[in-house]
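> Right, I'll just put the structure down here and ask away after.
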Amino acid sequence: MNNELKVKEKNNKLFFIETWGCQMNEEDSEKLSGMLKKIGYERTEVKQDSDLIIFNTCCVRENAELKVYGNLGALKKLKDKKPDLIIAICGCMMQQEGMAKEIVKRFPFVDIIFGTHNAYKFPEYLNRVKQEQNSIIEIQNKEDGIVEGLPIDRKSDVKAFVTIMYGCNNFCTYCIVPFVRGRERSRKPEDIENEIKDLISKGYKEITLLGQNVNSYGKDLEPKVSFANLLRRINEIEGLERIKFMTPHPKDFTQDVLDAIAECENVCEQVHLPVQSGSSRILKKMNRHYTKEQYLDLVRRIRETIPDVAITTDIIVGFPGETEEDFEETLSLAREVQYDSAFTFIYSRRKGTPADEMEEQIAEDVKHERFNRLVEIINASSAKNNKKYEGRIEEILVEDFSKNDDTKLTGRTRTGKLVNFPGSKDSIGKLVKVKIVKANSFSLIGEEI
Ligand code: 5AD
Ligand code: SF4
């Protein structure tokens, strides 16, 4: 499917967009921004100034939803002051059954509600809202085919995310994603390659290939294309410096993928490998299809094949039925792997998922206590891994000035470590050599050489 928008003159209208959740949502917001700019809107970071406010929501944990409710409630006053203000709400949270109705009931001033499968129709809804009296609610339960050719207004000029597949077929028992993002659909390799070539022509140096389970890429294509082969094809593209990818599933991490990472000089030495739990018993209840031993064996093979690789992960504590012994298995796994960093989550009950129906839900105080113990171990291994960088000379892709200090630049190593160092504007967007002089727990300090 292709989507053509008529380019309009600037209409002096401003939009504000706030995004919660994962990189997929960020990318959807970049597409919404791209479409809006094409039809004449400009972006503002000041909510009060805007003519259109969009909330792109997440529902992977309850916290994310609570933030949306809080932010929506706060808009009532603004809408009273500016009745022409258009308020739109979209994203994963809206795909849940009954949610759109709930939003209309609690926040009747919302003008447009749409879901993840029809975001590409947003300009049409905007047009309609001006004529219609009632709120527009457009939620599609079934995914359309992949819509190619949408304009994307990217946040960074240096590194870009490129979605290679949408949806997820895994149904981990705690996870809402398969219910709100639909089944796996892979983009054609030619479309991915063309998008990357276009990005390179605009000066981008780093691409992260995105998908909920990237290493099951291409199984739905005719002819089939494996993720390993996609990596090899992208590695051949002239002018690209760095290839990263997110997120692989341990159960689908074949030797072929490992070999491709090792072979392709542009694929970076960084693997995000969500483990979720270190207890084989809990992994089974989570429907993850691997044991602790199989995961550890995969980590061993990754380290063997890719020297100096940085390994990061996602871990959930307090899954239903997790005993102290199960949790200690998670701690022992974290100590053994020595992660470079980890996203640690407290299990959150999600309606409609099998884990929500399980007995033996864990008490909040127990979950929090376990969470703190885990974070301590992760922080210790992050600091220890960072320390190894002291004295090394690293290739840094310079992204911008440092957030807190505009005499310093900020960028990342091939392994994803954040490095701050003194430097000038000219280096932004370039690869530079930096000597690491000091390691902190969460970042490195360097000097350009
Ligand atoms: N509760 C807590 N964490 C969750 N995740 C997904 N669903 C839940 C949930 N119900 C975490 C997983 C996943 C990451 C994106 O979010 O660790 O890898
Ligand atoms: Fe959720 Fe599991 Fe799919 Fe990841 S692989 S999106 S955790 S169901």
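Glycine residues also receive a Cβ, built from the backbone N, Cα and C atoms like all the rest.
As listed in TrEMBL for this protein:
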BINDING   Cys22, Cys58, Cys92  [4Fe-4S] cluster 1 binding site
BINDING   Cys168, Cys172, Cys175  [4Fe-4S] cluster 2 binding site
DOMAIN    13-131  domain 'MTTase N-terminal'
DOMAIN    154-384  domain 'Radical SAM core'
DOMAIN    387-449  domain 'TRAM'
> For the domain 'TRAM' (387-449), what's the model's average pLDDT?
95
> Between Cys92 ([4Fe-4S] cluster 1 binding site) and Cys175 ([4Fe-4S] cluster 2 binding site), what is the CA-CA distance rounded to a whole number of Å?
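The separation of the Cα atoms works out to 12 Å.
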> Should Cys92 ([4Fe-4S] cluster 1 binding site) be counted as helix, strand, or coil on the basis of DSSP?
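Going by the DSSP assignment, Cys92 ([4Fe-4S] cluster 1 binding site) falls within a helical segment, counted as helix.
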> Can you list which of the binding-site residues Cys22, Cys58, Cys92, Cys175 have their Cβ under 6 Å from some atom of ligand 2?
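Near the molecule: Cys175.
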> Does DSSP give Cys22 ([4Fe-4S] cluster 1 binding site) helix, strand or coil?
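Going by the DSSP assignment, Cys22 ([4Fe-4S] cluster 1 binding site) belongs to neither helix nor strand, so it counts as coil.
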> Sequence gap of 6 or more, C-beta under 8 Å: which same-chain residues meet both conditions with respect to Cys168 ([4Fe-4S] cluster 2 binding site)?
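Sequence-distant Cβ neighbours: Cys175, Val177, Pro178, Arg181, Arg183, Glu184, Gln212, Asn213.
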> Could you list the residues of the same chain, at least six apart in sequence, whose Cβ is under 8 A from the Cβ of Cys58 ([4Fe-4S] cluster 1 binding site)?
Trp20, Gly21, Cys22, Asn25, Ala64, Glu65, Gly91, Cys92, Met93
> These are the binding-site residues: Cys22, Cys92, Cys172, Cys175. Which one scores highest on other Cβ atoms within 10 Å?
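The residue with the densest Cβ neighbourhood is Cys92.
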> Taking the centroid of the Cβ atoms of Cys168, Cys172, Cys175 ([4Fe-4S] cluster 2 site), which other same-chain residues have Cβ within 8 Å of it?
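Same chain, not in Cys168, Cys172, Cys175, Cβ within 8 Å: Asn170, Phe171, Tyr174, Ile176, Val177, Pro178, Gln212.
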> Could you name the residues, excluding Cys22, Cys58, Cys92, of the same chain that surround the [4Fe-4S] cluster 1 site, i.e. Cβ within 8 Å of the Cβ centre of those residues, in sequence order?
Trp20, Gly21, Met24, Asn25, Thr57, Cys59, Val60, Ala64, Gly91, Met93, Val177, Val180
> Which binding-site residues from the list Cys58, Cys92, Cys168, Cys172 come close to ligand 1, meaning a Cβ under 6 Å from one of its atoms?
none
